[in-house]
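Let me begin by presenting the structure, written as structure tokens, before commenting on it.
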Amino acid sequence: MTTVPSYTPSLWVRVCHALPRLDLTMQMRDNIFVPDSWEYQQTLLVLSSLSAIALVISLLVVLSFLIHYCCCHRDGSTGHGYGGKKGRGICCVTWVAVAAVTLVAIGIGFYGNSEANDGMYQLTSSLLTANYTLASIDLLVNTITGLQLSVSGPLTTMEELFTGSKPFLVSTRNCRRLSDNVISLISSISLAHICCMWCLCVCLHCRWLSYVLLLLLDLIVCLFILLGLAKQARWLLILMTVLAWLALFLSWGSLGLETATVVVSRPRKTVMVSGARTAEMKDVLDYYLTCSRRMNSPFQQLLTQSQRALSNIHTHLSSLDRNALTQFPKAEKSLREVQQILNSTEGNFHQLVALLNCRGLNKDYIDSLKGLCYDGMEGLLYLSLYSFLSALAFTAILCSLPGAWRSFPSESEEYEDSDSESEDPFTSHQARRQTASGSQRGAMTPFYNYPGAGWTPPFSSAPPLP
């Protein structure tokens, strides 16, 4: 099976399809696209299960950190693990790094979602164009068949008029036989439409919208966690922790789905040809998907026979026009009607021949391939990278939240801070400490309250009493 000319798969496509395939028994399988085969479905299950294994590892890591903070990481002097300057510095660096990775992952996700949407749009638009071409072919086939059936009445009238002339009657009957032959030949041309295009468009739109919502969820969780840490709002951190768990599960799940989708997306025409059930359908798909000059159209014989039949009908009608009208002038109206129908049939026939050429449908197929395997594949790879980075970032967030929670002040510390904030804001911290220490020692009695032997009254400018 040859590849499609004028199309070269990208490097990422070749790399993805060169990946080894393993089934549930860990045996190597080939990469032939057989979606109905259980062996092929096993390879997809194995690829999707890798993200499930990574999810289990993430859960174990988060659980180990929770046990570490709850049981082993206690600071008796401060009551929390980030009491010192060094601990606060490490916590700050950790959260800055986690936030940076999360924001980078979200940016990659938005770009990948846009690229994937562009590729899917090109795919659907090309398939819709191909579907329109197939619908036009069916319309022309039905039109030609209807026109040929409409000549039955005029030919019957001509046969009644030519009853006394055997040569003219034979020519008229030959026209009827050839017309029936054209109907049978043209009716055998049938091309299946691309079904479920509406469902495909709806699914692609839902895919784009779901990724936008997932990206917004990640962004909101990241920003509000930072806000909760800055404001030390416990209720906000509790809510964002629940959403972070949800984002972690969605990230690993989307990674498994994207991995399977990247592997399923195939750049070769064997995808569609392998779905054909008969040899005739395979030949038709092979012709339109390859469009090689060395290949003949599977409808070539039918079209040639139909063209010859129409030419013979035209010859018989020309003979009757030259010879029969002089003897049977009443047959002129029916003969002109048959000639008009024949001219319309030939015009529609030439349009049908042009549409049945492989160039138009092959161009639509190439455009759909480029949309799927270039922009679409690149977008899926970026989305896979986003899912992986966001899953790692949310794993780090869930591991770091217990330590950040323990660094918050307790209720007694918050009460003391509120009391100190209610004091005079213009009093310095040193004066407050001195006032507090003085209040603990008690009030000192003034020096002049203790009279002694050498006590003299304080100097005064007032005159002495008499």
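Think of each number as a place in line: the chain as shown, counted from 1.
Placement of Cβ uses the backbone N, Cα and C atoms for every residue, glycine included.
Here's what TrEMBL has on this protein:
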COMPBIAS  411-424  compositional bias 'Acidic residues'
COMPBIAS  425-442  compositional bias 'Polar residues'
REGION    410-466  region 'Disordered'
TRANSMEM  44-69  transmembrane segment
TRANSMEM  90-111  transmembrane segment
TRANSMEM  182-204  transmembrane segment
TRANSMEM  211-230  transmembrane segment
TRANSMEM  236-264  transmembrane segment
TRANSMEM  380-405  transmembrane segment
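Contact between the transmembrane segment (44-69) and the transmembrane segment (380-405) is supported: at least 3 Cβ pairs lie under 8 Å, counting only residues 6 or more apart in sequence.
Note on the transmembrane segment (380-405): residues 12, 54-55, 58, 61-62, 65-66, 69-70, 73, 81-82, 91, 94-95, 98, 101-102, 104-106, 108-109, 111-113, 115-116, 211, 215, 218, 221-222, 225, 229, 234, 237, 241, 244-245, 247-248, 251-252, 254-255, 258-259, 261-262, 265 of its chain, located 6 or more positions outside it, place their CB under 8 angstroms from a CB of the stretch. Where the transmembrane segment (90-111) meets the stretches 182-204, 211-230, 236-264, the count of C-beta pairs under 8 angstroms peaks at 211-230. Between the transmembrane segment (211-230) and the transmembrane segment (236-264) there are at least 3 Cβ pairs closer than 8 Å, counting only pairs 6 or more residues apart in sequence, which means the two stretches are in contact.
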